[in-house]
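Feature annotations, reproduced from Swiss-Prot:
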{"type": "BINDING", "residues": "Asn72, Asp144, Ser180", "note": "K(+) binding site"}
{"type": "BINDING", "residues": "Asp177", "note": "(6S)-NADPHX 1 binding site"}
{"type": "BINDING", "residues": "Gly338, Asp457", "note": "(6S)-NADPHX 2 binding site"}
{"type": "BINDING", "residues": "428-432, 447-456", "note": "ADP binding site"}
{"type": "DOMAIN", "residues": "235-515", "note": "domain 'YjeF C-terminal'"}
{"type": "REGION", "residues": "1-233", "note": "region 'NAD(P)H-hydrate epimerase'"}
{"type": "REGION", "residues": "71-75", "note": "region 'NADPHX 1'"}
{"type": "REGION", "residues": "148-154", "note": "region 'NADPHX 1'"}
{"type": "REGION", "residues": "235-519", "note": "region 'ADP-dependent (S)-NAD(P)H-hydrate dehydratase'"}
{"type": "REGION", "residues": "389-395", "note": "region 'NADPHX 2'"}
Amino acid sequence: MMRCGEGYPGLILAKEDFIMKPVDMAAADINAEYLGVPRLSLMENAGRAVAEEIGNAVDSGRVAIFCGPGGNGGDGFVAARHLLNMGFEVEVHLLGHPERIGSEEALVNWGVLGAMQPHPGGFSVDFVRDSSEIKPTDADVVVDAILGTGVRGSIREPSRSAIEIINRSEAFRVSVDIPSGLNPETGAVEDIAVSADLTVTFHRMKDGLKLADPAVTGEIVVRDIGIPPAAEIFMGPGDLLRIPSRRPGSHKGENGRVLIIGGSRQYSGAPAIAAKAALRAGADIVMVAAPGSAARAIRSLSPDLIVRELEGGYIGMESLDEILELAEKADSVLMGCGAGRETSTARTFMRAIEDLHEMEKPIVLDADALRLMDYSDVSEYRELTVTPHMAEFSSFFKLKSMIFNDFRESVSAFQSISSRIRGTVLLKGRIDMIFQGDRLRLNKTGCPGMTVGGTGDALAGLTAGLRALGLSSFDSASLAAFINGMAGELAMERHGNGFTASDMVDMIPSVMDPGFYGF
């Protein structure tokens, strides 16, 4: 297999150049396991990297490692074992009862340390029940493997007392991945944080480390732990972490409102499928604006949709004010599904897009909308997502026939073409390609049964639904491709080749559940 990332223009793979947010790192970690790289291996590599950096800084002596109950603590357990192999004396202090260890990989490595006890000398392991049991240490090196990147806000005991003891120590202070207590996104210290002499972070530089006071981070070293580039290029279940959680106490409509403008005298199924997919994506309210007979058919298909009946058999200028009134209430707008290719519809869509752009409304264009206009009409709209298949892509970007020698060449060409617009392009195919400027994601989910009609409408609805939840145009399109393909695979598994787009839409909640993938 070719190395993912090679030859892709604008895709930055150098670790010192690309800065990750915590969610990017968490997603890459899960996606690596999805590709077949066990997280236990990643933890082993991380812990060994910490031990090696300590060995580079200090020749010998005693190392005290304070470990939390999560993955950061697991890295500390592994580091302890490697430091012992390097000739250091090591003491490990778990902050809490072993039953609180929440990471399966950390629990495995805690078990390894336990199996090494009692040790003939120079190695001890204990756990503290409360902060009163944490004592000052006179070790030569103190390691902070307490909190990692998942903690924000005030620091609770016994972590607080451990941080205070580390900061009072005259030892060489090392933080694992990020100093405990540092906000991993902003670099701010919101309560209390370890002041490290050295921070060993993994895979890539993190937002918070780049922004933080050097007095808190000390020297920062980025170490490779074996996450393949494919874990960041190919979509995977880790990317589901990008979907925002619903706020407790939120009210109807606060978790996304979608407007779908489509349908015509001939087509009512396309906007209905798109609308149901948007609901399944998690949007609270989905409104459909469709011409007469299509609107009545859609209303009869689902009581969960709000349907506005427009005049005539096709969308025309007489409905523009009504469409814009509905759009005012929407968080995203999808246009084109089943709309037909009437001249009046093209005029209405172009005028609506101009007004929606002024309103800064996220827009998704699919199907007939991509035949009624071309890229030059919308090239400056950053809040735009287009979801073409290859024929629609060629029409929208005014292309003639293209021949490529290999997959890499096709990706490079499609990315260059897609950069003609500021928005996001989701090019549907056997391998979906998602582009925005120099950004690229690929998606391999899906199955042959998805040639059935309506699967593209479901994808467009998913994209609009996720966009309404607050995801960026790039992330919503990328996630929609992954979810849509997985829903197709699950529908095929349950119904065989005869599954319909509606069967596929019903699978969406299942494949959006991280538990479906065992994570």
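One is the number of the first residue shown, and numbering goes on along the chain from there.
Cβ coordinates are placed from backbone N, Cα and C, and glycine is handled just like the others.
Structural mapping of features recorded in Swiss-Prot.
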residue	record	Cβ neighbours (10 Å)
Asn72	K(+) binding site	26
Asp177	(6S)-NADPHX 1 binding site	26
Ser180	K(+) binding site	26
Gly338	(6S)-NADPHX 2 binding site	26
Arg430	ADP binding site	7
Pro448	ADP binding site	10
Met450	ADP binding site	23
Gly454	ADP binding site	22
Gly456	ADP binding site	22
Asp457	(6S)-NADPHX 2 binding site	30
Asn72, Asp144, Ser180 excluded, remaining Cβ within 8 Å of their centroid (K(+)): Phe66, Gly68, Gly73, Gly76, Ala145, Ile146, Leu147, Gly148, Ser175, Val176, Asp177, Ile178, Pro179, Val194
Spatially closest candidate among Asn72, Asp177, Asp432, the listed binding-site residues, to Asp457 ((6S)-NADPHX 2 binding site) (Cα to Cα): Asp432
Mind checking which residues of the chain, 6+ beyond the ends of the region 'NADPHX 1' (71-75), have their Cβ under 8 Å from one of its Cβ atoms? 43, 46-47, 50, 94-95, 101, 103, 105-107, 109-110, 145-149, 176-177, 180
What is the number of residues in the region 'NADPHX 1' (71-75) that are helix, strand and coil, as DSSP sees it? 5 helix, 0 strand, 0 coil
When neighbour density is defined as the number of other C-beta atoms within 10 angstroms of a residue's C-beta, which of the binding-site residues Asp144, Asp432 has the lowest density? Asp432
Out of the binding-site residues Asn72, Asp144, Gly338, give me the one sitting nearest to Asp432 (ADP binding site) by CA distance. Gly338
At a 10 A cut-off on CB-CB distances, which of the binding-site residues Lys428, Val452 has the highest count? Lys428
Per DSSP (helix/strand/coil reduction), Asp457 ((6S)-NADPHX 2 binding site) sits in helix
Listed binding-site residues Asn72, Asp144, Asp177, Ser180, Gly338, filtered to Cα within 10 Å of Gly456 (ADP binding site): none
For Met450 (ADP binding site), name the DSSP secondary structure in the helix/strand/coil scheme. helix
Have a look at the binding-site residues Asn72, Asp144, Asp177, Ser180, Gly338 and say which one has the shortest Cα distance to Arg430 (ADP binding site). Gly338
May I ask for the distance between Asn72 (K(+) binding site) and Val452 (ADP binding site), taken between their Cα atoms and rounded to an integer number of Å? 46
What does the structure give for the C-alpha distance between Asp177 ((6S)-NADPHX 1 binding site) and Pro448 (ADP binding site)? Integer Å is fine. 42
Express the distance between the Cα positions of Ser180 (K(+) binding site) and Gly338 ((6S)-NADPHX 2 binding site) as a whole number of Å. 53
